[in-house]
Amino acid sequence: MLTETVDAYIDHYKLIKSNTTLIVGVSGGPDSMALLHYLMKKQEMMGLRLVVVSVDHSLRQEGSAQDLAYVRQFAEKNNLIFEGRTVDVPAYKERYQLGTQEAARTLRYQAYHDVMQAYEADYLVLGHHADDQIETIFMRLSRNTNLDGLGGMRKARPFSIGLLIRPFLSVTKDMITAYCASVGIEPRLDPSNEHDQYTRNYFRHHILPLIKEYNPNLDQTIQQFSEHVADDVDYLNEEAEKLRRLSRVEGSFQDDMIHEIDMIKKHPRALQRRLFHLILNYLYDTLPKGLTFRHEQQFFELLQSEKPNLNFDLPNDLKMLKNYNVIRFSFRKEPLTYEQTLSIPGETRLPTGVSVFTDIVSKEEVEESDDFTFYLPIDTKESIPTLWVRTRQPGDRIYLAYLNGRKKLKSLFIDRKIPLQYRDEWPILVDEKGRVRWVMGLTKSEDHAELEKANYIKVTISSIHMF
């Protein structure tokens, strides 16, 4: 029964290709031992190379070491490649302030990753079954999960250099138990699985049996439900990725994702929500525990707010900011202040990554300037003044002819809608007398507009974030 069901499942979803290498995670318990035995039967027919990986979590004194020894003995008896790993879950848990299950999972999957790379494997195969899927979905639902969580565990997903697959999602725990008995497998049993202090165990022992009394085919119902949800999630993710690319504003600052609010608001709320989570997945290596539904609501508040500037703090120093018609996700950092003397002629690299190029040119070589080029008249090629590029200082002003006077840089930034977090890093060109000659990429001083000289200093910037 189990063999036929899993065969059909693998064939239907094309889970395993012939002539490939499989890393099989085996704890010694009934689920993973049944999985290993099943794959052994397919080994010769499909040309599979099996690598058995067992991890001792150092949690049950001699018990976990005995589990690893049991798996090693089984693998060696059947001429299978074996890789054993011992990890210190208690120490890792203490160091990173994690729960026992989370710490164990992190170290276990790291071991799988390492072995997968060492053998250049195509698949990591795990023994999660239909009852595990039911538990996962109901527990996530009880913890206020999102749509992704209701999709449960995926039958296949990218992992390390290949795919993580779960062919036993097609069978129940009872089928696995019967299979072990029929082929003479005497698996190791983890006593901690009987302790109701763990939420999953309590659900398994007391709640799941009641639900199954109401619906004996619950495993099939949940499996169909999870696959439908997973399909919907995949579609939404594809559409959200299109929206991410469509709404993104390109910039030159690192650790930023900047998006046009009006473009986002043209799309349904479901895609807006999906975009929010997609952006977070791009920026965070691992989603932090402190991320909650409240942060999602703040995202929608930023989209709808009439205020030109608004911001919220997300976990791990990520800031979510609205500046006029753009929304930014930026890892918080202190403003970078600097003052650098320009090499004339030559190139000067600013701390922000912007390059400033200078040259001495004749009047005939002067071209129509743009936002990235500035010409400063000089008397002779020998009388080259000193120029600096620095960040703004209190009281900075720039002369503008149409005002017949000087304008505060603070007012200029406001008028040009430059985001608050960029104003303190914006490059300013100043001369020997400390006068602002050019707010780079924005506005040039017109102090010298009426002057014509035989020679000019040509100043060019490589790039700068424009708004």
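Backbone N, Cα and C atoms are what each Cβ position is placed from, and that goes for glycine too.
TrEMBL lists SER27, GLY28, GLY29, PRO30, ASP31, SER32 with the feature ATP binding site. Feature annotation from TrEMBL assigns domain 'Lysidine-tRNA(Ile) synthetase C-terminal' to 387-461.
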Under 8 Å by Cβ from GLY28 (ATP binding site), same chain, sequence gap 6 or more: SER54, ASP67, LEU68, TYR70, VAL71, PRO187, ARG188
ATP site, defined by SER27, GLY28, GLY29, PRO30, ASP31, SER32: further same-chain residues with Cβ within 8 Å of the Cβ centre: VAL26, MET33, ALA34, GLY127, PRO187, ARG188
Per-state residue totals over the domain 'Lysidine-tRNA(Ile) synthetase C-terminal' (387-461) - DSSP helix, strand, coil: 14 helix, 27 strand, 34 coil
Long-range Cβ environment of SER27 (ATP binding site), under 8 Å and at least 6 residues apart: SER54, VAL55, ASP67, VAL71, ARG188, ASP190
Residue, out of the binding-site residues GLY29, PRO30, whose Cβ gathers the largest set of other Cβ atoms within 10 Å: PRO30
CB within-chain contacts under 8 A for ASP31 (ATP binding site), separation at least 6: GLY127, HIS128, HIS129, PHE168, LYS173, ILE176
Secondary structure of SER32 (ATP binding site) (DSSP, helix/strand/coil): helix
Overall pLDDT for the domain 'Lysidine-tRNA(Ile) synthetase C-terminal' (387-461), taken as the rounded mean: 85
